[in-house]
Amino acid sequence: MKPVQGKLIEVFFLLIVIICYILSCTFNDDPFVYVKLWSMLTLGVIYTYLRFQKRLIIFAPLNLFCIYYTTVVFVNFYYLNTECDFTPYLQKTSLHNNYIHLFNWSSFYYFAGLISIIAGYSILKPLAFRPMTFDSEASMSSYVLMIVALAMMGLGALNFFYNVVKFAGGNPVAYLSQVALRKYQFEDGGTTIGYIMYYMGTYLLSFQYLRKNKKPDLFFILCIFGGVVLWASNGRIASTVFYLVTVIILFYYKGLLSLPRFNNRKYLMFTVLIPVFGIFFYFFRLLSSMSDSGMALNADTFSLLGDFLNSMSFYIIDKGNMPNTVIFIKVLDAWKIDHGFMYGESLVSWVMNILPSKIRPEDYQPSAIIKQLWYSHAEGGHLPPTGVAEMYINFGPFGPFMGMFFLGLMIKLFYNAVIKSASFWSFLILAQISVTFIMLYPKGEFDNLNLIYVFFSYFPMILVKLFTSMFKVPLEPNRKVII
């Protein structure tokens, strides 16, 4: 049997299962039958799209988007099970329309948005891959590069120990246990500017290892672990995971573009371990918060972990850490009445997020408007509407179709430009934008797209090139390099 025939049989059986499931719901007069129909079809489209790729590239931007989009289905079935009774963001009695009707429509728009973004992405042919390219020794000397990388990481380490001394009396364990207080501590001093230097230093280190075709060794792993500690010490769960995944993606593309037979299996393992890693850090931050408030004084860590795992659905879904479908339901119910469509404003206003906070406009994002409009009393920060809901916020019922189609087209243009360039620095930008914006757009908004990643990529490169040209380091074939 040919591989394509086998895949067609798989999809056929999947379709039969979906039909049987929906028929059983229909015969039982299930009021949520359309939620289940569109959710199951969404899952089927994701499976079919990934399964029929000639060569599955795990970290291709739309593949990351689709993999994360499965959480939409998971969230839908969770709310079907709980009937939205535990979420703090939806009072059914305050809606203008029946919430079952709105839930059905949100599920349809999720499905339509997925189809549209895949259609937009697929309209352009993919470019042929070629090996990743690196700046030459003449323009970026290994000696200068390692000095700059180590200096940057050294500044980051000094910054960390300065904060440890300032806020924890020099005790790093105590400092790391205070992550829940970090936001308030930095209001009274402290800085993380050195941390940014550290991250850029590790990107230079990654460049050097990949240019030399060197596998990660203990030194490299310790340097990356240091970056993870810096992000984690700020209580930034997502940023910690994104930083680690960015480095993994760089090594993934180097192997993918260089090896004739590249094996995805070890990288598939990372896609499973990374969410576990994120959940661990979420528990760590929650434990820090409970310890600070005195709630964890009479309980041991293992009992708290058990309680956390038992209530994990509340922390991950009801608190909005996955696509917030109930916010989408509220948007469908009242956005046109209470605010009015934005007609593309939020799709371009993200360029302002690179501006310093003192001169940047306040609360221009849909997530901020939603918080002020309906949930000003709720704890926590802004409330992202989900990507499909943002398209509805801008263009009404046409948004999930038109907006997601053009987003898919833009993603493909960006991806093709990176492939055409083949530069390490282009892939670094791709990796950062893929994990911080494209992958998370099912739960986020356009304001997550940030030009700062261009700076993170090109500033260290320009610095090394500048110093290389200034000092004109000679190229000696017998001279040993640090790496």
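Note that Cβ sites are derived from N, Cα and C of the backbone, with glycine treated the same way.
Copied over from TrEMBL:
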type: TRANSMEM; residues: 7-27; note: transmembrane segment
type: TRANSMEM; residues: 57-79; note: transmembrane segment
type: TRANSMEM; residues: 99-123; note: transmembrane segment
type: TRANSMEM; residues: 143-162; note: transmembrane segment
type: TRANSMEM; residues: 217-234; note: transmembrane segment
type: TRANSMEM; residues: 240-260; note: transmembrane segment
type: TRANSMEM; residues: 267-287; note: transmembrane segment
type: TRANSMEM; residues: 392-415; note: transmembrane segment
type: TRANSMEM; residues: 422-440; note: transmembrane segment
type: TRANSMEM; residues: 452-471; note: transmembrane segment
**OP:** Test the contact criterion for the transmembrane segment (99-123) and the transmembrane segment (422-440): 3 or more CB pairs under 8 Å, pairs 6 or more apart in sequence, then answer yes or no.
**Re:** no
Original post:
So are the transmembrane segment (422-440) and the transmembrane segment (57-79) touching or not, going by 3+ C-beta pairs under 8 A with a sequence gap of 6 or more?
Top reply: yes
Subject >> Chain residues in Cβ proximity to the transmembrane segment (57-79) (below 8 Å; excluding those fewer than six residues from its ends, i.e. six or more beyond) >> reply: 35-36, 39-40, 42-43, 46, 49-50, 87, 103, 107, 110, 114, 117-118, 121, 249, 252-253, 256, 264, 267-268, 271, 313, 317, 322-323, 325-326, 386, 408, 411-412, 414-415, 430-431, 433-435, 438-443
Original post:
Which stretch from 143-162, 217-234, 240-260 shares the most C-beta pairs under 8 Å with the transmembrane segment (452-471)?
Top reply: 143-162
**OP:** State the non-local partners of the transmembrane segment (143-162) in its own chain: residues 6+ outside its ends, Cβ under 8 Å from one of its Cβ atoms.
**Re:** 172, 190-202, 204-205, 207-208, 223, 226-227, 229-230, 233, 460, 463-464, 467-468, 471, 473, 481-483
Original post:
Mind checking which residues reach the transmembrane segment (217-234)? Cβ under 8 Å, same chain, six or more beyond either end.
Top reply: 153, 156-157, 160, 163, 175-176, 179, 182, 192, 195, 198-199, 201-202, 205, 209, 240, 243-244, 247, 281, 284
